[in-house]
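Report on the structure given below.
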Amino acid sequence: MTQHELATRDLTLCHGRATIIDRLALTLPAGEVTAIVGPNGCGKSTLLAGLSRLHAPKQGTVLLDGRDIQQLPARELARRLALLPQEAIAPEGLTVAELVRFGRQPHQGWLRQWSAEDQQVVRQALAAADVSELAGRPLDTLSGGQRQRAWIAMTIAQQTPLLLLDEPTSALDLGHQIEVFELVRRLAADGRTVVMVLHDLASACRYADHLLALRSGQLIAAGPPGEVVTTELVRRLYGIDCTLIPDPATGSLLLANVRRAGRCGDA
Amino acid sequence: MWREVSAESQARQRPGTERCERGAGDIVAPPGHWRLAWQAAGGSLPYSLLIDRRAFVAALILLLALLTASLAYLAMGSSPLPPQAVPAALVGRGDMMAVFLVQELRLPRLAAACLTGAAFGVAGCLMQTLARNRLATPGIIGIDNGATAFAVASVIGLGVSLAPPAMALAGATTAAALTFGLAAGGGVRGYRFIVAGIGVGAVFGAITQLLLAKVHIDTANAAYPWTVGSLNARPAGAVMLLAVGLSLGLGAALWLTRALSLMRFSDAVASGLGLRVARRRWQVLAVSVLLTGLAVAVAGPVGLIGLIGPEIARSLSSPRGVPVVASALAGALVMVLADLAGRILLSPIEIPVGIVTAVVGGPWLLWILLRPASRNLA
């Protein structure tokens, strides 16, 4: 899969008069998993909406391979960049396979409604997200984790080199979170660039190659989690003190002894 | 940092290895579809169409039901004909009286019923899809009443020289603009939109009553069938205009079917799949308003057809697509049956079709509201 680069230049996003993202310049490393973290209201989801053209910038640009995404035709963008929003709503009664087939929409036309490639890609997408056995089940009968994997399968069927996920694991229990994260890692191993908004810093440390830390619309840290996550960063982001220890099995950072900033630990 | 990669997940990382499992020769249509394919000139990718079997069968059933109802419509009335005499009378053979009844009296009215019913049905289906809400039909969000108020104003000669269809269109557009304007803050998907629409509808309803209260009783009587919805007084030009408008509107709606099926997702999903949501929304709205305005110009506000027709179409069709054709057929069917009932129930007195649909549609609306799984209402 060819790698594509997504970057922002001087990006300013506003809701009404409130500036949410303020003149942000960043580059998302191709072929890696980037996690956007930060406290509630820091503009994570708005940034993701801006990156996927859902939210038009007040100023500045989002560049996909050097081209302003506002200039790209909608279907072409949908063939390069897939988005899974936080509150994805599907029509009632749709089955998993039917949902995944909608992912082929940007590749189809009025007179090209179902090709050999469509068939093959849908089958692969179902398999990649491990939902082949659920293909015939209506979405409303699935568990949260299964449903989320079905949605991700739809974005896989879009065959885009870039995948943007907005809090893909919120509202999922731990087991289902891991299902989704492992799927994300498999997608990245296939050469996709994945960008996800996460509110759990420990998951971001474990599953992302690259971390973007946002606070009040400003980028305050960017880089590999092992290098940028410090107790100081955690305090600035969330107003908490903690001890960072490496996971004995994987080496990724864990937050221990978490407490509100300025208080002594219980230990 | 990701350090742990099991052999199993490594194997799964290469979906490309199963690439040649099936050749291009054995494409299977997705479950529940027929696939029609033919080779394009110049050896490029073959063209292919998917036909949803259930939607196709639903449309076929509705078409047969409509044909049967039409036969009954032509045969029944204050002077009934035997059904077998109807086809002969249609082609101008048999009893002179029967030919006159069928060709001159009942057939034009049947055509008007089919056209208005289909227009209301499609308009309702489009608006419901646009707002992702089964209650958001043009009748409920005030567009019917807007069209009626303007058309009544032209009928009673309120110094406006435009013909009823043009006035009805202007009224439908005005009401739609008001409803959308008032709901602007909340978008089209929520209670605010419905409530704004109900308010706009109430205001236009009151304006209609006010207009009628101020004119001479005979003029008011002439306009009365119009305000409840009736096929008895049909402006001749309006039917022709509706026929043209319906063929254009239906064509546009069919052209928009793929966009419509994406519109049922949340906006972010639809836009992520390459839909230009705002542009498509305007197009769908324009078609819905056009069909409503033209249909109201013929039959008055029989807006409940826009609720019942798509509802029947959806229950027969599959959840995979938006049943545009089935909504047209179901709308026409309900209109024909309702007008037939209005003509024969209290014969020789005629009940306006709008009252029949209100009697049937009211409870229907309540059922939608009170149904336990009313997820689509939010």
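Including glycine, each Cβ sits where the backbone N, Cα and C put it.
Where the annotation comes from TrEMBL, it is an automatic prediction and has not been curated.
Listed features, source TrEMBL:
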REGION    B:1-24  region 'Disordered'
COMPBIAS  B:15-24  compositional bias 'Basic and acidic residues'
TRANSMEM  B:55-76  transmembrane segment
TRANSMEM  B:107-127  transmembrane segment
TRANSMEM  B:139-160  transmembrane segment
TRANSMEM  B:166-186  transmembrane segment
TRANSMEM  B:193-217  transmembrane segment
TRANSMEM  B:237-256  transmembrane segment
TRANSMEM  B:284-309  transmembrane segment
TRANSMEM  B:321-341  transmembrane segment
TRANSMEM  B:353-370  transmembrane segment
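The transmembrane segment (B:353-370) makes no contact with the transmembrane segment (B:193-217): fewer than 3 of their CB pairs lie within 8 A, with pairs spaced 6 or more apart in sequence.
Long-range contacts of the transmembrane segment (B:107-127) within the same chain: residues 66, 70, 73-74, 90, 136-139, 141, 231, 234, 239, 242-243, 245-246, 249-250, 253, 260, 284-285, 287-289, 291-292, 294-295, 298-299, 302-303, 305-307, 309-310, 313, 322-324, 327-336, 339, 353, each at least 6 residues beyond the stretch ends and with a Cβ under 8 Å from a Cβ of the stretch. Per-stretch counts of Cβ pairs under 8 Å to the transmembrane segment (B:321-341) identify B:55-76 as the leading one among B:55-76, B:139-160, B:193-217, B:237-256, B:284-309. Touching of the transmembrane segment (B:139-160) and the transmembrane segment (B:237-256) is ruled out by the presence of fewer than three CB pairs under 8 A, sequence neighbours closer than 6 excluded.
Outside the transmembrane segment (B:284-309) by six or more residues, the chain places 112-113, 115-117, 119-127, 129-130, 134-135, 137-140, 143-145, 147-148, 151, 164-165, 167-173, 176, 180, 225-231, 234-235, 238-239, 241-242, 245-246, 248-249, 252-253, 256, 259-260, 263, 327-328, 330-335, 338, 352-354, 357-358, 360-362, 364-365, 368 with a CB less than 8 A from a CB of the stretch.
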